[in-house]
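What follows is one structure encoded as structure tokens, with my remarks underneath.
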Amino acid sequence: MAGAEGDDSLYPIAVLIDELRNEDVQLRLNSIKKLSTIALALEVERTRTELLPFLTDTIYDEDEVLLALAEQLGSFTVLVGGPEFVHCLLPPLESLATVEETVVRDKAVESLRKISQEHSPVDLEVHFVPLVKRLASGDWFTSRTSACGLFSVCYPHVSSTVKAEIRQHFRTLCSDDTPMVRRAASSKLGEFAKVLELDYVKSDIIPLFTALASDEQDSVRLLAVESGVSIATLLPQEDLEDLVMPTLRQAAEDKSWRVRYMVADKFSELQKAVGPEITKNDLVPAFQNLLKDCEAEVRTAAANKVKVFCESLPEDSRETIIMTHILPCVKELVSDTNQHVKSALASVIMGLSTILGKDNTVEHLLPLFLVQLKDEYPEVRLNIISNLDCVNEVIGIRQLSQSLLPAIVELAEDAKWRVRLAIIEYMPLLAGQLGVEFFDEKLNSLCMAWLIDHVYAIREAATCNLMKLVEKFGAEWAQNTIVPKVLGMANDSNYLHRMTTLFCINALSEVCGQEITTKHMLPVVLKMSTDQVANVRFNVARCLQKIGPVLDSSALQAEVKPVLEKLATDQDMDVKYFALDAISVITLINGHAVYDSM
């Protein structure tokens, strides 16, 4: 590659190439990231004959450099002369697919899969398939694990003879001595099955699936579960019961909780794959067992699937199955010893009300919701509150207010301030679900009480909450309901509450608009400029600066500016600083207003 030094235009490229050899890892990494620039300058022929062999020879580098190289080569097709020459990229990627670091190998396989699409069927057989075979029969397990991810991309495009060889290689890897290789094969089994002809799925894949699902290593068995779900989608209904279900039933009762967890996690996909009959006969009892599993992680995964599982049950027997088989398990989970199980259930249980209807919800589900609303863990309570709208649709607001609302009010006054904070954050959502009349009757007083809470974070959140409520219910509602109460706090003996008035005005001016801000709020702010507490006075200056853009220019000139000028001569340094800052902003706003009217 020394020829690059004779040509001035190639000098920067020579520098980049030198950097590829540099001892400093960061310089080598930078150069690798600019590899496409080097290739463009060298042009396609020199990239093929000089750059790629050079890169192939230097694959003994730091992992981050190799990772960047593996990624770059995946989009190099154009730079080597297009699909006709894409096979030139295989040698460096083959070397990268055998290195020790997993992330590098994975990236190399990803790039190989990408460029396999650009090979012609002939090139696939001549260049790509031999690479896959070499990796599959390599001495090191690293190359054999990489091979597992490449079978499915070349299989559909090659001749039947080569297909038979590919299937044989995959079979061999599924029974490899090294667990890491069997794990890789197990994870790719479903993907490989999707490109095989149905007969071979039955004759080749099913025995491999059965073997891998009985492997001594649980990490192999759990990956086989995922592949089993994919395989189930490929088989006709009549073959599922004999070929797949015995293995999946066994997995649902596996001695390793990680395998049972995987079954629970993939349960809705499995349900979709096997259809209503097998679901009724096989999956309902399996799901019950997973909900009662001795390991909390498994119960959590199953609890997460309760709503989806129930929704997908056959319509004619859905209600009976839920009431007879699923609800008793759900009742137990509501008082589970593990908070993650209860939290997972709380995030989906409300959805059952739309499936079971009004009477069942009132009789069977409401008592469970109440238990969860009073749970010791905040997350459980919040998951119930955030899904109230599902229940509201089914049983109506009256029923909801009688049963659940007292529990919500109790939480809103909880001794732990973080619980109160979380309820405030859900208040706009609740307000939207319950409507303005109900909100005014039941929850308005709570929202106002939060404004004088002893914790600053609560007062701040309550201010933000008011703004969101006005966005929901409108400025007229604010003028009649919220604004008078907020302004009343300006006369409070506690200066912190007087400051909250200013913070509320800051937030409300944006959503209430010019008329309400000028007519109702501004006079109160101006009056507070003579407050005895300096903190209040400098917050008046900040407030006037904040609401300035909402006010009209005559109010700014006649009312706001004189007050700010007075505050700018205040004894307190902070008051003076914020007043001067506000004057400069207000002058700017006023200038724009005058300019716009010209």
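Cβ coordinates are placed from backbone N, Cα and C, and glycine is handled just like the others.
A mean pLDDT of 87 is what the model gives for the domain 'Phosphatase 2A Regulatory Subunit A helical' (85-270). What TrEMBL records for 85-270 is domain 'Phosphatase 2A Regulatory Subunit A helical'.
Look at TrEMBL and you will find 89-127 (among others) tagged as repeat 'HEAT'. Secondary structure of the repeat 'HEAT' (89-127) per DSSP, as helix, strand and coil residue counts: 30 helix, 0 strand, 9 coil.
Here TrEMBL flags 166-204 (among others) as repeat 'HEAT'.
Residues annotated as repeat 'HEAT' in TrEMBL: 205-243 (among others). For the repeat 'HEAT' (205-243), the list of distant contacts is 170-171, 174-175, 179, 182-183, 185-194, 196, 198, 250-251, 254, 256, 258-259, 261-263, 266, 269-270, 272-275, 277-278: same-chain residues at least six beyond its ends, Cβ to Cβ under 8 Å.
Residue counts of the repeat 'HEAT' (244-282) by helix, strand and coil are 33 helix, 0 strand, 6 coil (DSSP-based). The repeat 'HEAT' annotation in TrEMBL covers 244-282 (among others).
As annotated by TrEMBL, repeat 'HEAT' applies to 283-320 (among others). Across the range of the repeat 'HEAT' (283-320), the DSSP-based residue counts are 30 helix, 0 strand, 8 coil.
Residues annotated as repeat 'HEAT' in TrEMBL: 326-364 (among others).
Residues or ranges marked as repeat 'HEAT' in TrEMBL: 365-403 (among others).
Here TrEMBL flags 404-442 (among others) as repeat 'HEAT'. Listed as Cβ neighbours of the repeat 'HEAT' (404-442) (distance under 8 Å, sequence separation of 6 or more from its ends, same chain) are residues 366, 369-370, 373-374, 378, 381-382, 385-386, 388-389, 391-392, 397, 450, 453, 455, 457-458, 461-462, 465, 468-469, 471-473, 477, 481.
What TrEMBL lists as repeat 'HEAT' is 482-520 (among others). Each residue of the repeat 'HEAT' (482-520) gets a DSSP state, and the totals for helix, strand and coil are 35 helix, 0 strand, 4 coil.
Packing against the repeat 'HEAT' (521-559) from elsewhere in the chain are residues 483, 487, 490, 495, 498-499, 501-503, 505-506, 508-510, 512-514, 566-567, 570, 572, 574-575, 577-579, 581-582, 585-586, 589-590, 593-594, 597: each is 6 or more residues past its ends and has a CB under 8 Å from a CB in it. Under the heading repeat 'HEAT', TrEMBL lists 521-559 (among others).
Residues annotated as repeat 'HEAT' in TrEMBL: 560-598 (among others).
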Candidate ranges 89-127, 166-204, 244-282, 283-320 - greatest C-beta contact count to the repeat 'HEAT' (326-364) (under 8 angstroms): 283-320
